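What follows is one structure encoded as structure tokens, with my remarks underneath.
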């Protein structure tokens, strides 16, 4: 039997799927709910909640499958009387709303990517008779000026600071512009206020994210010039900021000015994340990416010239339509020359709404899988070698993300959460640092993804 009434002290669970940008949106939606109902309880597990909100990802078929499976599981809880209302929002219903409604007819509300801006809905969600879940149009000015309290859901050592939404690039494999629309930059003033609030909430590190962070501000000025460097200077001056990190820089927008700001700042980590996607000019041209011969080497060399100690991360796609074995081997050869600190690869996913889904010469799934394995084997050797030279036997600063029975774990300043090195530090009989602290450790062992150390 489905329970019909919400507890006197309502309970809510936010399930955030997909990327870090989604997580920032989830925290803003949950913040609005809690601002209106400060006595409500936030539950970590759906079975403990009256209301479950699932912020979905719809970028790839695998992400939509995960969203469906998550919704199925929560709907099963509802039939057992655990949940009153289920809300699905985000990228999946944005383009596949009818599919979501058909498979999940019992949802209380379904909203797309504008869900975060529906303040009246979130403020009334936990009431006995809440407002209907109908998305109201949101203008560009309202999006740029939008502010909402954030309820941080992580350990507290870091928080994502979303500076823009949407993307105006036209990569042929990507559906983000169809899901999110063109670039919409938040105003600098709004970003700075949110950064201050996140610092006051205890975040040691602020991580700037968007679909294309380096394009920030191009839609705010008549000249269409990126404003990321100016934003970074402003953030670097904020009181209380300890670490800033920038993710998702488009290769042609990694300018000397941006790199000089990162390299010369007080608080910005010397960490540069540039999704290159490939290095073969013909493949890049088919992807709709910058495809000049040697472009990847030039941007990586520029980073190393301006920030000699930079940690560089990138992502790549293998098995793109038409990618030959010769082109793939060129990618591996270039990878060995670039010697990136961190690199991830993904097997190309044929998305029906992406331009590349109609390209001839689709690569067989078994070939994509083999190429992915070969890519990661090459990169693991590179990362292990770099970690040995950079860290083994050396003393480093570690951002504490969590505690273990024998010590703490975290990251160096050149590592982002979830995707880069994890440092496991034995504390022995020393006083154990707290989450969010920055401690010093001596690295005693290294691998491609993990470092071991002892607390100093």
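Just so it is clear, glycine is given a Cβ too, placed from its N, Cα and C backbone atoms.
Curation does not apply to TrEMBL; its annotations are automatic.
Among the candidates 13, 43, 91, the residue that TrEMBL annotates alongside 19, 57 as binding [4Fe-4S] cluster 1 is 91. Other than 167, 171, 174, the residues of this chain whose Cβ falls within 8 Å of the Cβ centroid of the [4Fe-4S] cluster 2 site are, in sequence order, 169, 170, 173, 175, 176, 177, 211, 288. In sequence order, 17, 18, 19, 22, 63, 64, 66, 67, 90, 91, 92 make up the list of same-chain residues 6 or more apart from residue 57 ([4Fe-4S] cluster 1 binding site) whose Cβ falls under 8 Å from its Cβ. The [4Fe-4S] cluster 1 site is defined by 19, 57, 91, and by the 8 Å test on Cβ atoms against their centroid, the other residues of the chain that qualify are 17, 18, 21, 22, 56, 58, 59, 63, 90, 92. Counting every protein chain shown, 22 other Cβ atoms lie within 10 Å of the Cβ of residue 167 ([4Fe-4S] cluster 2 binding site). DSSP assigns residue 167 ([4Fe-4S] cluster 2 binding site) to coil in the three-state reduction, outside any helix or strand.
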